[in-house]
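Listed in TrEMBL:
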- C213: active site, nucleophile (ACT_SITE)
- C92, A93, A94, P95, G96, G97, K98, D116, D143, D161: S-adenosyl-L-methionine binding site (BINDING)
- 3-261: domain 'SAM-dependent MTase RsmB/NOP-type' (DOMAIN)
Amino acid sequence: ESLLAANNSEPPVYLQANTLKISGEELLEKLLAAGVEAECGKLPGEISVRKPGDVTRLPGYAEGLFYVQDEAARLAVETVSPRPGERVLDACAAPGGKSFTAAMLMRGEGAVLSCDVQEKKLRRIEDGAKRLGVGIISTRAMDARRPGEELAGAFDVVIADVPCSGLGVIRKKPEIRYKRREELDALPEIQLGILRAVSRCVRPGGRLLYSTCTLLERENGGVVRGFLDGNSGFALRQERTLWPDLDGTDGFYLCLMERLQ
């Protein structure tokens, strides 16, 4: 019942400070001075805004002082913890928030390859990186089920935030309730295919993040078990489900794995 209530509530919009340019405290001061209803989020540099309207009109947007990303998605990237100087593959990168958060955690040092199957979505990531002044992000049009052989073992961190049923974000996208059953039934096979394919891009000792914005076990732990059962080269390090009613975030699943030496 509490989950249903949460799914029918209006969620806050989370702004993540571009810590290459400004602190969360400075960003909050700027927003409050302009009369924006805002407060600090739970994470450093995170601002929660109620009814922001058009975020592109908020103070600091044009200067690249923040980007929009839900707390759950940011937590997922923090779990895999990209470090300065590392190479990161964001395999299903659109709309770009995970790549931006990785770049912040890396303090603008290293390389992030942001991939998506649709080139128009990559342009949005490129525009976002330019606005933020993030120079370590490059993009590539790629089907995550078929990464190039040249990417094998090339990354310290691989992020697989896979296409999913989206049942964790119903409060933002109520039309998700009307997805066809056949469409949902096909997802676990696609998700497992992506996870298996991009896992080959992780170097020995590197980290692999699998995440979704759904609460269905068959798309979450079910996919991870299917992957690990057939792949002794990876070990599960952390697993967590975030709930809109309990955690105040999008419904989200994240799983951190390590490629063994």
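Yeah, the Cβs are placed from backbone N, Cα and C, and that goes for glycine too.
Annotated features, which come from TrEMBL, shown on the structure.
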residue	record	DSSP class
C92	S-adenosyl-L-methionine binding site	coil
K98	S-adenosyl-L-methionine binding site	helix
D143	S-adenosyl-L-methionine binding site	coil
C213	active site, nucleophile	coil
Spatial separation of the residue listed as 'active site, nucleophile' from C92 (S-adenosyl-L-methionine binding site) - C-alpha basis, Å: 13
Site diameter for S-adenosyl-L-methionine, Å, by largest Cα distance between C92, A93, A94, P95, G96, G97, K98, D116, D143, D161: 19
Which same-chain residues, if any, lie at least 6 apart from D143 (S-adenosyl-L-methionine binding site) yet have Cβ under 8 Å of it: V117
Which of C92, A94, C213, the listed recorded positions, has fewest other Cβ atoms within 10 Å: A94
Spatial separation of C213 (active site, nucleophile) from G96 (S-adenosyl-L-methionine binding site) - C-alpha basis, Å: 15
Euclidean distance between Cα atoms of C213 (active site, nucleophile) and K98 (S-adenosyl-L-methionine binding site), Å: 13
